Amino acid sequence: MVKYNRIVLKISGEALAGEAGFGIKPPVIATIAKQIKEVHELGVQIAIVCGGGNIWRGETGAEMGMERAQADYMGMLATVMNALALQDNLESQGVPTRVQTSIEMRQIAEPYIRRKAIRHLEKGRVVIFAGGTGNPYFSTDTTAALRAAEIGADVILMAKNNVDGVYSADPNKDTHAVKYESLTHMDIINKDLKVMDSTASTLSMDNDIDLVVFNLNEPGNIKRVVEGQKIGTTIEGRS
């Protein structure tokens with residue numbers, strides 16, 4: 001029995017890099033794919049949004065004096081590279097997967113078409129949304145919120161790299177930091193908790209989409225969240 005039937009899984013680029021912090025670490029992405037396969041076998045419809053921070057970060061562009069829009073487009077291309085790597089790992093484990101990009105590159109992926117994405121999900125295929133929203137100035141967190149609203153997802157799963165939930169402060173720097181079990185999107189905005197940017201939080205709140213923040217590095221955690229086990233922090237869509 002699962003709590004969520006259709007999910008958007010947000011995976012940061014850094015999570016794919018493991019301890020290396022850069023690039024794609026083969027054992028790490030294989031382990032993530034295995035966790036996704038476990039959830040797929042439950043009959044859950046899975047859409048994924050990948051970040052690109054393991055390949056390109058906006059700060060690098062800023063240091064180079066690059067225009068923000070140009071740097072953002074480079075970040076979008078980085079997410080496509082991550083999506084293709086994850087697709088390959090999933091399919092090698094027997095999970096049918098499609099990549100859809102917000103910027104057309106038909107030789108390697110389908111263009112994003114909402115109805116087609118939903119059809120893939122209904123047929124039991126994992127869909128990876130790459131290329132962000134296709135527009136600069138929008139984060140991949142906002143992409144996750146946007147795609148979740150478009151496909152009617154029950155929840156966004158924010159799979160974090162060695163972070164097991166939302167805290168009142170950085171637990172690595174503040175010994176008095178308190179972990180929250182549940183919050184609302186308005187709490188996130190008012191307390192400035194940096195779970196996701198304000199655009200993504202507002203979009204999730206306006207469309208009544210729940211969010212679960214949890215540690216991706218603990219094997220089996222994606223499955224536990226989908227089954228409704230109390231791990232991480234749950235952020236309710238309603239304010």
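From the backbone N, Cα and C atoms, a Cβ is placed for every residue, glycine too.
The model shown is predicted, which means the values in this text are computed figures rather than measured ones.
Segment annotation: Swiss-Prot labels region 'Involved in allosteric activation by GTP' over residues 18-23 (candidates 18-23, 60-65, 180-185). Listed by Swiss-Prot as binding UMP are Asp72, Thr133, Gly134, Asn135, Pro136, Tyr137, Phe138, Ser139, Thr140; the candidate from Gly52, Gly124, Gly152 that the record includes in that site is Gly52.
Secondary structure counts, DSSP: the region 'Involved in allosteric activation by GTP' (18-23) has 3 helix, 0 strand, 3 coil. Inclusion criterion for the binding-site residues Thr133, Asn135, Tyr137, Ser139: a C-alpha placed within 10 angstroms of the C-alpha of Ser12 (ATP binding site); this criterion is met by none of them.
The Cβ of Ser139 (UMP binding site) has 18 neighbouring Cβ atoms from other residues within 10 Å, across all protein chains displayed. Comparing CA positions across the binding-site residues Gly52, Asn135, Tyr137, the one lying closest to Lys10 (ATP binding site) turns out to be Gly52.
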